[in-house]
Structure formats: structure tokens, C-alpha cells
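Comments concern the structure below.
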Amino acid sequence: MICIFIVNSMKTNRNAFFFILATAALVTLFLINLGLGSVSIPVDTILSGLFTGDWEKSSHREIILNYRFPKSLVAVMAGIALSLSGLQMQTFFRNPLAGPYVLGISSGGGFGVAILLLAGSFLGFSGMVISSWATAIAGILGAVSVLALVSLVAWRVRDSMTLLIVGIMFGAAVSAIISVLSFFSEAEALKLYTIWSMGSLGGLGWNQVGLLGLLLVIGSFPLVLATRSFNALLLGETYSESMGINPVRLRWLVIISTGILAGSITAFCGPIAFVGIAVPHLARLVWKSADHRILFPGSALLGAGLLLLCDTIGQLPGSAQTLPINAVTSLVGAPVVIALVLKRNFSKEF
């Protein structure tokens, strides 16, 4: 009994240490991200301005509060949302390469934006100035449409693998329609859609950031209710049902949560690759645990930190140019996933 207590205590201390370390790294990356850009602003100037309201230059206040702070917050929220979505997808489908977009929700968001940007010449609003609000609303409507189709399938199909395959096929079909729209669209519209599909964390105002935060809270709430269910699901659907877990209820929680989290990020930021796939594996590696009471907050911290790091890399310090966030996350995430696939034995976790 004493040995068991000591081992459990060591695990608790280790988990707490890495949570503290991840939180400290997240705060550090957040401050660095605020300071970098075409105009470099020292961290002490940022802290002084945020806590006392005393800014050395009025331009610094404008840059931080209206541009960089919202962008950094969006990076944190997007990292959290995609990581939580990816973790529950991997656990629910028991597939280490499942991600937040396997149900076709991202493709649905892209379809909504494609209708707005690419089909303008057919719908009669070609050449109009399209706001970020319009793009976000179109993305949300597209994601909700595909989510509704997936929900109809989930209502009729009990097998999780069948649902996964249908979701992937939905995504492929929607992507094909987007390709047709791209072929017939005007050059300027195609350029706008291509830029959107590269992903961006900037360009959102405080109202949009607030709405995104609200959607993050709503989408994360089902996970609080289902933590025990996810832990039981690791041992198989038969065992989880014997433990009193309702698989139909859990499936609906996963679909709704993933739809809100991944759909809202796609709508406001565009598709962002690899974060949802790579971060859950990093969390398992860091905390050496399959307990979702640890993995959910751990993935959230690592996801937020990773996306901040990618955004910082893409800033190209000293330059007004910014690399597309989707390109940076792919360059960072792909080697991580490859290394994990080669080194880890996933059969022990799924």
C-alpha cells in the first residue's frame, strides 16, 4: 500500500510539474507573440501598458490592443479547439491518425466560403467587398450543413467505423464540388479563396474574438460531461457499455462538440492542419497517461502553445510579411506525426 501511495504521489507531482511548465511556456510564447511583427515592441513595454495603461507610444497601444492581442487570443483558442477535437476523434474512433476534420466538417466550412467567394459571378454579387463577418458566417453555415448530414447518418448507423468512412466521403464529395467551383470562378475570386484556404489568425475584431470564445466554451462543455466515458471507451465499446456508458449519447456529444469546435475555427480562421492530429499524441508523450482527465487540459495547453509558436515562426520578425499559418503548422506538425508513428506503439493506446 505504501509503495502504491508513493508511486501515485510521484505521478501526481510529475503531472503537476508538466502542467506548470506548459502554462509557463504558454504565457512566455503569448508575450513573445505580442512583441514580434513589423514593429518590435519590448515585453516590458507590453506588460507596463497592459497592467498600468501607460504606453510609451500611442502607436504601441493601437498595435497591441487592436491587432496583436486579438490575434494571439485567436491562436490560443484555435489551438485549444483543434486539440480537443482531435483528441476526442482519436479516442472515439480508436484511430491514432483521426483528426478534427475527419467528419467532413472542415470541408463543409470551406464549401460555405467557396459559395460566397467563388460562386459570386453566378449569384450576382461578383466584385463586391466581402467582410470577414460574411466569410465567417458562410463558413459556419457550410459546417453546420455537413454536420446535419453527418448527424442524419449517425441517427441510422450504429457502427463508429462506418460513420468515420461516411464522414470522409462527405468531405471528399464537398472538396470535389469546391474544385468545380474553382474551375469556373474568376481569377480574383479564386485568389481570395486560395488565400483563405491557407489559414489566418489575424483580421478578427474583438466582437468576432468574443463570439469565437463563446463557441469554444459551448463546444468544450460536452467534454466535461464525457470524460469518464472517454476513459471507458479506451477498453472497447463492449466494456464501456458494461460500465453503463451510452454509446449513442457519447456519439452525439462527440459530433456536436467537434462540429462546434472545428467548424467555428474553420469558419473564422480557415483550415489549420496537423494541430488536431499531432497535439494529442504529444500530450500522451509528455504526461505518459491515457487518462482524459489529464489529456484534455494537457492537450489544450500544448495546442495553444504550439499554435502560438507556429504563428511566431510565421511572423518573419522585422518584416511586414506573414507566412500562412496552415503552411507553418504543416511544416512543424508533419515531422512530429511521422516521428510518433515510427516510434510509438499505438496498439497499447487504442
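Just so you know, glycine gets a Cβ as well, placed from its N, Cα and C.
Taken from TrEMBL, the feature transmembrane segment applies to 72-89 (among others).
Annotation comment: TrEMBL describes 101-124 (among others) as transmembrane segment.
Marked as transmembrane segment by TrEMBL: 130-155 (among others). Non-local neighbours of the transmembrane segment (130-155) in the same chain are 103-117, 163, 166-167, 170-171, 174, 192, 196, 203-205, 208, 251-252, 255, 259, 262-264, 266-268; each lies 6+ residues outside the stretch with a CB under 8 Å from one of its CB atoms.
A Cβ distance under 8 Å defines the sequence-distant neighbours of the transmembrane segment (162-184), meaning residues of its chain 6+ beyond its ends; these are 93, 95, 98, 101-104, 106-108, 110-111, 114-115, 118-119, 146, 149-150, 153-154, 190, 193, 251. Residues or ranges marked as transmembrane segment by TrEMBL: 162-184 (among others).
Here TrEMBL flags 204-225 (among others) as transmembrane segment. Cβ atoms under 8 Å from those of the transmembrane segment (204-225) belong to residues 70-71, 73-74, 77, 80-81, 84, 88, 132-133, 136, 253-254, 256-261, 264-265, 268, 296 of the same chain, restricted to positions at least 6 beyond its ends.
Tertiary neighbourhood of the transmembrane segment (252-274): same-chain residues 74, 77-78, 81-82, 84-85, 88-89, 92, 99-101, 103, 105-106, 108-110, 112-113, 132, 135-140, 142-144, 147, 150-151, 154, 196-201, 204, 208, 212, 215-216, 218-220, 222-223, 225-226, 229, 307, 325-326, 329-330, 332-334, 336-337, selected by CB-CB distance under 8 Å and a gap of 6+ residues from either end. Positions annotated as transmembrane segment by TrEMBL: 252-274 (among others).
Annotation comment: TrEMBL describes 294-311 (among others) as transmembrane segment. Away from its own ends, the transmembrane segment (294-311) comes close to residues 15, 18-19, 22-23, 25-26, 29-30, 33, 71-72, 75-84, 86-87, 201, 223, 227, 272, 275-276, 278-280, 282-284, 286-287, 325, 328-329, 332 of its chain (Cβ-Cβ under 8 Å, at least six residues beyond either end).
According to TrEMBL, the feature transmembrane segment maps to 323-342 (among others). Listed by sequence, the residues of this chain that lie at least six past the ends of the transmembrane segment (323-342) yet keep a Cβ under 8 A from its Cβ atoms are 96-97, 195, 197-201, 269-275, 277-278, 281-282, 285, 306-307, 309-311, 313-314, 316.
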